[in-house]
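Trainee: Below you will find the structure I want to go over with you.
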């Protein structure tokens, strides 16, 4: 299908918006009127520029408050419309969006509104323009698509159809399946936007919080399925008003936007059970052919997590790993990377080695995720189709071909072939075990990497969520907010259906200088079956856990039935507690390296699926106290 | 009255919060439970610290989801409450906030809820604790203060009263005057918060967007008047959940908070017509005495606006001023400051003069506002009582005593005595006119400084609004949003009742790296009676106005009845147009110096009171184009 994006979804000048849309691979754009008015380019220049970039101008929008008014006012409105139709001829745009009247001038008179829409369409047809009529959710008289369609049917003019906007329809919580009954040729345009579920004034919600399909709470696949079933064959076009996208790099936003449409089209193609099979790599639905992405990726867990640190910090990371029962078992054949293992749990430590010329500068950090997948080549093809930036790999002759892409925060995501134990191919880049001369790990037994916590850049939180969703099939949880001493942090966890791979993304609710709220922390959470035993090993290795205030344990005594001796052991180990209807969660934190990187040890009891967010405030306050010591 | 603030209103650790509250001059605090739990200080240490800072602990809060439940659950809740009462004894807090139950466990049984509240209060009394029961606006069964009061009256225990929270009451849009009928001694606590009027889920609104009295849309003076009329004598306490305050410097927030209570108390004192007069500088209301601020300030206009620029930029400012009909008429006696005049309209230009050792570095900027007031000494006393930071003045022997304070964005606000023409005392710091050797201004006649536009730091937008409101009696308009090419800008204008002094504050809707959205622009808008004549003078002086796209004028032709020759003259002059029901607005912009400072020339026709915000997008896009040339 043809893919379009409204210029209002992107930042910059009109020219910058067009270039960004073309670079991402869009086929067309909707020109937002204010972008044109504010542009020094005249309509013919805009047309020529778009053409030279390979972009069609699929829609001019919006025309407002035209219909359903008294005759005098309609005459003036029609004059105004003629001027805009003439402009559209210059611009080379053949469809105009007309929003339902949202002013007090709109009369409660459907016959009048339909007659005026007919006249408007008749006038438009003189210019070769089609009118796509859309119900705004806050329209005065016409506020749902069914009403808009009744007026269009009543007006009955070949140059008049409806424009369907997923936000206006899905924000009303109705059943959109009636769309199937609209003749496809009368659906002139389809605008897609997702949005987080919010209970707020629909106009504010619409103007500030829309996001790309797959980033919010609406089921855009089902919605678009209805529109295709009706026989719609026009573009899938994104119209997203979003405060962050308006202010972010337009090229990144455009890539994020196209990723969202690729995933949507793929999803439509795969869910089209009732349709006849199309060519390989394609699906079909109604009258359109749908591009299909390479097969979905089903991760089976973390092959490894890589952390990087400067020499003195790397030594502190080694102490923590040792105390957590990891042993340094292998060295990378060509890079200053050590492999630390606790059973099958593996952490790579990338540290500066001046002899080799590799130097990590900056605070200790999680720099790469190794994701185990059945077919790394397929995963990489899918990632590239989803515009994930591939990472160049310096290939030393001895190295295996390990493919990686960059996540929106810069973290490398490696696709590693599944394999039993030490048989995984990526391990061949490392020396055979054991490495001599390094201390062995302690006795603590870990069961896996439970999750990784990554602080995200403010501008790219929704992008990151869609990145992991589309590349790895992770599903986002609902967001939660935690109060750090220096501001609120929003967290959203993503996990695959089998809970084999969990990533928790964090972001300050404010941008800029507040981006480091919560200490800018990144962490690796390690799973275990006996958190008390691991805590004991840590202390025996001479490492004190993050200090949790006694006040926390007093409060725990108030609100839980934990036995006093259990609480006492928790206090000794700095162990925190959370509970859900499904089970319990026990967890503690190591000290933080460089004020940024720490480890967590977690034990899930029963079916607990969370991340201990209820303890986030206590954890971040304790880390703040740790920093100021 | 006693003044308190909830620790949740401030950023930092509990210790930092207490110190900030004490430093601002609060008498007490509400301790938010999560702040205590996350603190390494044990309750007795907190008590001692507060005492050493001169702070009482006026409230411990909140206790949740206690009442109206089945017997088993209530027994557990009471056990939990006992532990907290014991903690309060350690803490030295004698009042606890109990919020109405917001869980599904709350039964629809008022008699049960009242009986359980009575038992809770009886238990509390064993510890010397009083229970203040508050209706949350989202409580399951009890969601308004009248219902809460019915339960408290029914329970009838001396240790049980109500807590009134202005947000929970005013967010429901009801009439709060019934509060007068509650016996004052049964109002145990009063929590004050303002909020902007928003149509959104009340819980989200409450948790993120509260602000200090005078910063939002509620009438806190009337509300608090009802509570005092009832006979309440406890503290005025601020409980404000606000994303920005949580992340900002606690000491500044605390000063902002105290300023808001000072203004509230002053307003209460002055509106207490029915009460007997109290001592000078005080009012009385019900049983309490109210502190009064020095008399309100009634500005009569701008005495001057000062801009500063580096030498090469200062030369560009001089060119603009000359082209706008200003002449360089005087020099400061001891500083590198030139006085430029157009009739009685005065702009000071502060530029670097290495001989004198004064160097302005950075982009050209508005650095000071001279505000004409009848009594500068009174204005300064009032400003100091409102915790406005006084600016140290280097007093040269020959200089007049000009008092100034720093606005939240660092702009100096000078209080200048009203005076006829050149008789104003502050002019004595300048050489007598005319200065030789400088060009005279052109023929453009200006009528005054219409307004000044100032970009605000993201963290201090509400603070700035309250600053101008409390110091100068300016009233805030509703906020508007304008789309710049690099993000949304929020604008709020403030003006005195006579519209003699107008200040427009702008802020990026996103913080941090987006703070310069819209070019970080600052500007001085000059009033005139003939914008076409001023535009012509500008061009004749060889200065082109900010280039407005032809597309703008085409659109103007669509939507207005302006005559073609008028539109053509507007196009030549770069003149923009806006309209309200009251009148019309014609305005143009000069080029921008250093990408930051520009002048605007405005003509108000009829009763137009706005600022041409509808043209903000076009202006900011044109300035962006200007920067990239």
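Glycine is treated like the rest: Cβ placed from N, Cα and C.
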Trainee: Of the candidates B:328, B:332, B:451, which one does TrEMBL list alongside B:523, B:600 as binding Mg(2+)?
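Mentor: Between B:328, B:332, B:451, TrEMBL records just one in the Mg(2+) site with B:523, B:600, namely B:451.
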Trainee: Can you match one of B:134, B:146, B:154, B:265 to the divalent metal cation site that TrEMBL gives for B:165, B:191, B:239?
Mentor: B:134
Trainee: Could you give the number of helix, strand and coil residues in the domain 'VOC' (B:448-591) as assigned by DSSP?
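Mentor: In the domain 'VOC' (B:448-591), the DSSP-based counts are 52 helix, 48 strand, 44 coil.
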Trainee: Are any of B:451, B:523, B:600 (the binding-site residues) within 10 Å of residue B:191 (divalent metal cation binding site) when you go C-alpha to C-alpha, and if so which?
Mentor: none
Trainee: Among all protein chains shown, how many Cβ atoms are found within 10 Å of the Cβ of residue B:451 (Mg(2+) binding site), not counting that one?
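Mentor: Result for residue B:451 (Mg(2+) binding site): 23 neighbouring Cβ atoms inside 10 Å.
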Trainee: Round to a whole number and give the Cα-to-Cα distance in Å for the pair residue B:451 (Mg(2+) binding site) and residue B:239 (divalent metal cation binding site).
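Mentor: About 34 Å separates the two Cα atoms.
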Trainee: For the recorded divalent metal cation site formed by B:134, B:165, B:191, B:239, which further same-chain residues have Cβ atoms within 8 Å of the site's Cβ center?
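Mentor: In sequence order, the nearby non-listed residues are B:97, B:163, B:164, B:166, B:167, B:168, B:189, B:190, B:192, B:193, B:237.
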Trainee: For the C-alpha pair, I'd like the distance in angstrom between residue B:523 (Mg(2+) binding site) and residue B:134 (divalent metal cation binding site), rounded off.
Mentor: 47
Trainee: Can you list the residues of the same chain, besides B:451, B:523, B:600, whose Cβ falls within 8 Å of the Mg(2+) site's Cβ centroid?
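Mentor: These residues sit around the Mg(2+) site: B:450, B:452, B:453, B:504, B:524, B:525, B:526, B:598, B:599, B:602, B:611.
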Trainee: If you count Cβ atoms within 10 Å of the Cβ of residue B:134 (divalent metal cation binding site), leaving out that atom itself, what do you get?
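Mentor: Counting Cβ neighbours of residue B:134 (divalent metal cation binding site) within 10 Å gives 23.
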Trainee: Just counting, how many other CB atoms are there within 10 A of the CB of residue B:239 (divalent metal cation binding site)?
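Mentor: I count 27 other Cβ atoms within 10 Å of it.
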